[in-house]
Amino acid sequence: MLFNSIDFVVFLPIVFFFYWLLREKLKLQNILIVIASYLFYGWWDWRFLTLIAFSTALDYRIGLQLSKTDNPRNRKLLLWCSIVINLGFLGFFKYYNFFLDNFVTAFSFLGNPINGQSLNIILPVGISFYTFQTLSYTIDVYKRKLTPTNDFVAFAAFVSFFPQLVAGPIERATHLLPQFYSQRQLEYRQAVNGLRQILWGFFKKLVIADNCAKYANEIFDMSNQYGGTTLLLGAIFFAFQIYGDFSGYSDIAIGTARLFGFKLMQNFAFPYFSRDMAEFWRRWHISLSTWFRDYVYIPLGGSRVNKRFAIRNTFIIFIVSGFWHGANWTFIAWGLLNALYFLPLLLSGNNRKNLNPVADKRILPSVKELFQIILTFALTSLAWVFFRAENIQHASDYLTHLFGGLYLKQNLVDTYVLIFYKAGYLIVLLMVFIILEWLGRNSKFAIEHLLIRQNRFVRWTFYYCIIIVIAFYMPTTESPFIYFQF
Amino acid sequence: MIQLLKKLFYFACFLPAFYLAGLMFFGDYAPNIKTNLSNYGYTAKRLSEADTISKVDIIFVGSSHTYRGFDTRLFEIAGYKTFNLGTSNQTHIQTQMLLKQYIRKLNPKLVVYEVYPGTLQNDGVESSLDLIAHRKTSFEMFKMVTQVNHLLTYNSFFYKLLMPSEAKKDNDINISNDSTDHYINGGFVERENTNNTIFNNQPYSFTISKKQLKAFKLNLLFLKQQEIPFLLVMAPVTKTKFNNITNRLEIDSLYTGLGDYINYNYSILGLNDTIDFYDAHHLNQSGVIKFNQQLLKDLNEFSFE
């Protein structure tokens, strides 16, 4: 079920109503969450519910077994059992054809052609997200950071919790699981805040991301017909598309969870206002970045090792992160490029320089900060070209055309027509969006505290305006969230 | 919970007022409001003409296959007074609105209902927008909008309702500039004898929408209640196009079960895919003459007087 579908508009109030009807009955509330979550997921394809159910049962069992043994060898065996099986599913569904195709190509290149039969595999929606979530449980139990649960329903609800099941935030068991043990309260302020965040999420997805997608798709799909400035605009549109799409999803997920009395972690913290790449990665897809940091980077030694290993660890973390997104060399190239961006900061010791909020206690950024923000955004947007491209050749052609044809006269005319005749409304919307995001950059989401001290008429008028802009500007063809494919 | 629901209720109560205010002030700039569509199907002209006439022998309803397929002049020569109520992409939901608006006024002895199967799978948005753009708002139109149930049609309808003069301002000047099209009194649009160059050999099928099928059946029931006979007709498309429909037998059987039905794609009209069509869907004037002559012969055998 998509958040931006009529089905969800009907589904959410029904679940909400029954959930709070069972307010004093924790167990029943958790059962309802599991049923609702399985329904939510099964709406897309019920066959893959067995995968989630299997992962849930496996990790629940392994968690219990880990609590019963102190033998390090047995504990390690149990941990690896969980890792191999969970990543095995992920590997099969997501990477089987990729590895097969590359092996076949490699052997053919070496003069030993082999036959490989590609399989027509459907990628289960959200498999990368819930796999990492269940793995976090087993690893934390193994590391004795978490007491294994003996409440199967709570654990099943933790794995399948529908607001964040298919595209995160990837929650840690240490943070989310305990919330299933305790009584939830419907606090008025929390619920209103949740609704506000859902509204903002829909605005980001339906207005910003989907409108940017229209032009980004057109430009990327016919990139060989456009000149430099149009391609530059295409890259910028895609940067806003992916941000609006994914952070919009996260906002809807977090807001929905709030309606049920849960607090999910912040997944995006205004990443396009970052002053360097290190700050960008502290603000972009935080739940995944911190997952890799805690379960891969730090176990490898992180940056507190000699320079050679620190560089190695940086490359590993970025390449794995890229590969997590999809079975394509473009994602690996995207990860690699980000590692290259990050490396100078690491080597110069500047990777933790910008920890304070940008333009702290000021309305506008300084000229230096503005320059840093623009430079970081430019670097990020160029990297997104690899992320969006069909293959490496496409990305390389795109960038060659982009830099090679910046000053061609006809190209400037095309860009002028695009900006002033076709996408003019989108440029205005983007400017309004950037201003609102800037004003709310110290909150969890842009409109969390915006106008909060104004009277109800002003606040409500503002929310009505957002709803009206959605009704007037959202493209009317339904488009799924980009991160569903991951 | 009660406090939250109460606030949500109050919030929802004021929403329509703000929505309407939004339409008034920003409707002109919103891409999701389309009330100034070009008049390439001559809908405004056709329906304005329909408003001025009464009592005909036959009316034709359906999509562009209708207003480009039934030449009212040929029927007049044969002694029938006819009117062509076809509109661009007209689906059964729009046919419903037009029948209800015009059936009493035109009081036909027969309705020729063109049933290209595409109209059974179409969402009806394009045709609704065409009608909203070129007609006055009415309760029947509102019913059509709710049946189509699409953001574009809701926005456009309410905008037209609130700002009829704003919504209308571009319509009159956008009459098709295509010099090969000529509007003929009676609702027909004649295309000069340009030839078809579109040949697509891809097989395809039609998925029948429950909503459209329901509207179709209701239209036939409405005609029965009015005691007006009807003839279901599938106008010819190119042989290539027709033969590529993989579920054509299923569709024929559906139509046969609903009333008198003639599929002119099986008739020996002697149509040539190149010289009798101007595209894969539409007959040019040479094709229209061949098709209408055969239909007139069939009408002579079809008792409706």
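Keep in mind that glycine also has a Cβ here, set from the backbone N, Cα and C atoms.
Automated prediction, rather than curation, is the source of TrEMBL annotations.
As stated in TrEMBL, the feature transmembrane segment covers range A:226-244 out of the listed A:207-225, A:226-244, A:264-282.
Cβ atoms under 8 Å from those of the transmembrane segment (A:370-387) belong to residues 235-236, 238-239, 242, 271-277, 279-280, 325, 330-331, 333-334, 337-338, 341, 358, 395, 398-399, 402 of the same chain, restricted to positions at least 6 beyond its ends. Long-range contacts of the transmembrane segment (A:416-436) within its own chain (CB-CB distance under 8 A, at least 6 residues past either end) are made by residues 204, 207-208, 211-212, 215, 230, 233, 237, 240, 244, 446-447, 450, 469, 473.
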